[in-house]
Each structure stands twice: as C-alpha cells, then as structure tokens.
Amino acid sequence: MIRGLWDRETVALLLLICLMPLALVWLWFGGPEAWTRLALALVISGAWHLVFMLARAQPPSFAGAITALAVAMLAPEELGLARLILGISFGSVMAELVFGGWGRNVINPATATLAFLGFGFPAAPWPELVLPLAWAAIPAAVLGVTLGLMPGRVIGGALLAALVSWGVGQGTWPAGLAPVLPMAFIVLVLLVCDPVTSASTLPGRWLYGLLYGGLVVLFATGWQGAAPAQIAVSAALFASLAAPMLDEAAISLWRARRRKHLG
Amino acid sequence: MPLRAINSGLSPALPTAPPASGGVTARLTEEAALIPLRSERLRLDMLCEEGALLAQGAPVARMRDHPEVALVAPMAARLARVRLGPGRQLIELLFFHEPEAGRHVFEVAAARHGDAAAIRVLMQQAGLWRLLRSRPFGRMPAVAESPAAIFVMAADTRPHAPDPVAMLEGRGESFSRGLAALGRLTGGPVFLCQPRGPALAGPGAVEGRLRILRCGNRHPQGLAGFRIHHEHPATPEAPVWELHAEDVADLGALLETGSLPGLRSVSVTGEALTETRLLRCQPGANLRGLCQGAVVPGWHQVLSGSALDGHEATWLGLRDRQVTVQDSHRGSPRSHWFSNALRRAARPLPVIPTAALEQAFGTALPAMALIRALSSGDDESFTRLGGLSLLEEDLALADYVTGATPRLSALLRAALDRIAAEEGL
C-alpha cells in the first residue's frame, strides 16, 4: 500500500523545522542560560514520553520537543528546578499524554504548563523577549503557513483583530497594547497555531484567530500590571478552550447554508 | 462553482513508465472472468453449463435474489469454469476467448422508443444494470428502484486515469442516445460531470433535465462522491445513481444496434512497467494479459484500479478502468523487536489536520469533523456531515495523504454497513 507524507511524525518534524528561526534567534540572544533551560525542558518532556511509551505503549513524538521549546522560551523566570520540573510534568502529562499523545489532546501542553506556572507561582517574573524574536517569528509563520501546517486563517483572524483595534483608536494602538504586540505574535506562532488544538473548520479558524486577538486587546487594555507574556498566554489558553465550540458553531452554520443551497 | 472549489484538490505525483507509442490499441485477453465485487454476496442461477459456447453479451446466469438481472458473457467465449461457493455464491466464472461465437442480439424495439420500463428491462438483461452504482451504500440498485438523480461521470481525476472525453470521441451520437434513455429512469435531474471545455451534450438531451458540472483537474474533483455531496446528497429514501460516461455510450450503442460494444478503455500504468499503455479490452479482462510484455522483472503487485484505491486482483474489476503495476516490497528489510512490539501494542497514531488533508477532501466538507465522527463510530454526526454520499474511493486520497491507520475508507465502509443494517437494507 502506498503512503503519502503527512503522517503524525512528519507533521511534528516539519513543524519543528518551521520553528527553527525562532528557536535559533532565541538561543543566540539568550546565551548559556537559554541553552540550559531548553535542555532541561527537553529532558523532562522526553522522560515523560519515555515513561508513557514503556507503561502504555504510546509511541513518543517529536511534538514533545515543540512543547519543550515553547516552555523554555515563555516560562516564568527564577522558578527554581523543582517548580519547573513540576510545571512541565503537569503540562505534558495532564494536557497531552493521558489523552493518548499528540493529536488526541484538547489543549496545547505548553499552554497548560505556562498557565499552571503562571497562576501557581504568581511571584515569579515573566520573561521579557527581545524584539528580534518577533521578527524571527515572521519567517516561522510564513514557513508554517506555506507548508500547510499552521492555519493561515488563524493568523489572519488575529491580525484582523489587531487591525480593528487600531482602527477603533483612529490610527493609534489602544493604551497598553503596543508593548504587548511582539509577545502576542510570538505566542500566536508558538502556541495558538498548533494544528491539533486550534479550530479545524475554515470559518472556525477565523473566529479562533479573532478571539485570540480580541482577548489580547482586552487583557492589554483592561488588565493592570500584567506582563506581556502573561497576557498572551492567558489569551491563548482561553481561545484554545473555546476552539471546539467555535468549530461546532461553524459546522452548524455550514449545515444551515447547505440546507438553503439544496432547498 | 466558487474559485476556491474548482482549484481545490491535489495532484499526487505517482511514478509511471513513459507512454507507449501508437495510442489506444484494442487488446482482448485470452481469458476473462466474471467475479463479484469485494464483500459482495452474489447468488446465481446458472443458465448454461460449463463448456457452452457463448456469444458476446449472451446471458450466462441470473441473480438468485433478483432474477430479472442477468450476468452476460464479456466476450465471444467458451464458459471454461464455473466456481460457485456455498449457497451458489459466485466465486468466479471463467471464459476462454472463442472469436467465432459472434455477438448476442437483444430485443431493443420497445426500449428504442423510449419506454422507461423497457429500458430498465434491457439494462437488466444486458448486464448494464450491475454497472450502475446507487448511493448511499454503493450497491447495485434494486430492480424497481427509482433514483432522485443520476450522475454521469465524464471526468476522472485519479492519477493516470484514462481520459473519459477521449473515450467519447466519435461516439457522440451513442452518448446522447444513452443519456436520453438513462434520463427516462428518473424524474429528477441528470448531472453530467465533465472537464472544462465544450459541453459533451446539449441542454435538450434529457428533456431539459440535464445539468452540466465542470470539474477541475485535481483529485478528488473528478470523483462522483464529492459532486453528489455538493449538488444532490444521497439519502436512503432518495438514492442517487452514478454511471461512467463510457457505459452510457455503450447503452446508446446497444439501443442503436441491439448488441453490446463490449470494449472498455483501460490505462495500464505504474512504476513496475516499461511502458504505460492505453487499451480497449473486454470487461473482466485478465490483468496479466493486459500488462504482458511490459513488466519490469522482479517482485510486483498488479492492482485493479488506481494506485490510490485499487486492490490486488487477477481480473479487471466491475467498474475499474485502470490497472496499476507496483513494485512490491515483500517483508521489511529492517525490523527491531522493540519497534514491532510497540507497533502491535500501541493505538494507531491520530491524523493531524493540515492543509494537505483539507485539500484531499476537496475542501467540500469539514474534514476533521468527519474523521473524528468516523474514528469514534459516531454515525449520527457522520450522516449530518453528509457522509452518506461518499464511498471508499472518495476517502482513498485522504488515506494516501495521511497514511491513516485504520484506513479511513475502511472506517467509512463500516459506518455505511452499520447504517444500512439499521435501515434494514
């Protein structure tokens, strides 16, 4: 039987390659500290994949490396080893592995980890990412959308939400939004555009992107004292929780239009 | 049709040999056979003995459950061997070519005048009824069934499929005659799916009920399933029929001359060949005979059907117009006990939504929702999403693209069988 290209592990590997510009720029600016964080995240995530392979015969996935990368980049700083291990374990196991591995999860394990760490240890400062990273996220997004791995409509929807807020402010960003934008874009590429947990229908993806963008604008203007990473990760978490509902709405809409078209 | 829909789909680049010189050649193989479709239970009452000499198109057997429907000899031949299983279920009827046996002539006077009942009886007697496919469930239609619509497929976008428009060249008269006769069998619309270009039939061909649908070049646009899904979804109460354009032209020729043309256009393609052939052969032809002299030495598989949806076979399938010869990779050269153990114990890997998957469904329906409904056995959602219009061949491209296990087409068949059992069909 002949087989095509797009099985789970090819998708995971290609996604990893798409994120390389982002990862390399981050490692370049982060220095040895970034390398250690990434190595630590990779080891913990890999260890849990190994445990689930031996205990439950769940084949390990390269998607674990994507999770590790996102967590290493975005996790709050000065947490200490134990808390970081706890957070990554919680995210990988509870958000991904117990559901049967990548492809069967309902929320992104990296988002779960970051939300857990952020809400669990609010005293730890969120990382400030340098601006070149946001520029590096652009080639990552272009690669991902061109290969058909990242849903372009989600990015379109998020940009549309930003544009609307810009238009409402008559050509200026709403107060507090401008410093959040680079981080919001990085999180969009790293977490929100995950093909598995984003909405799967075409109109659902527009709505999902719009919702993420709208939440970022809302949090940026209304949430006093929140760090950009905190705002973006929270928006990603709430958007991904709403994704199945958006899909359901899109399918109902599609069926209504179909009934009308078929008479 | 919106622009996005006509450009949707994929063109999988599957390897094949360079085309043979000389264009389309007629080639009757020495042996041919009548076989049931996969998973079809076909109980027969034989009309002649082993060794009987049969004209091409002469009735050989009748279906026990539908005595009106006959199986006919695919060529002028001697009935060499009758293999029936328990309950007189057809395994194989084998024929040897005997050119002097001639052609069977049918009584077509009533059908020629457009009497719907006579056309129905003629199609059932001439073996054309079995070529009709009724959706949902993809079976031969019941003897008295009246379809809500008929789709005539003059487009085929499967990789390396023979061009249906070329098959109709010089047969325009037969085609419009067949189309008009087919139109008598339904009160609903008749859809003609064809590639872009001049229309293959005038608007008046079926009493004003003909509608022409243009298909793009990418797979799966030339499959009936997605067209039916979009234009006229099939339900158990309102079945939709589908027939290939060449068979429609055969029906027209039968009405004209009283005998079946008995040749079918077939492409013989694949990586394990030295040349790609375009042939005209009898139905049920021997596949080894069709690719004789063009096969590269070594292990290979001969499939009836395209590389995407074909099955390993000895004889050309009932509705197949493609033969694919592939390298077969017997045994895996490297295997490790641990990866084997893991593969056996693990649940199959899930399908990840990508743009490729979306295109494999021709962007016609919410692909991931359908896949989730199929893999969780949720027949209600499956029906709501319009899955009843689809058959295995429609999901073959998605299977190829994602390498899904279990195969989506197998899951679709299981869902259709469950729904059919529930409907009591």
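Glycine is treated like the rest: Cβ placed from N, Cα and C.
Remember, predicted model here, so these are calculated numbers, not experimental data.
According to TrEMBL, the protein has these features:
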TRANSMEM  A:12-29  transmembrane segment
TRANSMEM  A:35-52  transmembrane segment
TRANSMEM  A:59-75  transmembrane segment
TRANSMEM  A:106-123  transmembrane segment
TRANSMEM  A:129-147  transmembrane segment
TRANSMEM  A:175-193  transmembrane segment
TRANSMEM  A:205-225  transmembrane segment
TRANSMEM  A:231-254  transmembrane segment
Contact call for the transmembrane segment (A:12-29) against the transmembrane segment (A:231-254), three or more Cβ pairs under 8 Å: no
Cβ contacts under 8 Å made by the transmembrane segment (A:231-254) with residues that lie 6+ beyond its boundaries: 74, 106-108, 111-112, 114-115, 118, 180, 183-184, 186-188, 191-192, 197-204, 207-208, 211-212, 215-216, 219-220, 223
Contact ranking winner - A:35-52, A:106-123, A:129-147 against the transmembrane segment (A:175-193), Cβ under 8 Å: A:129-147
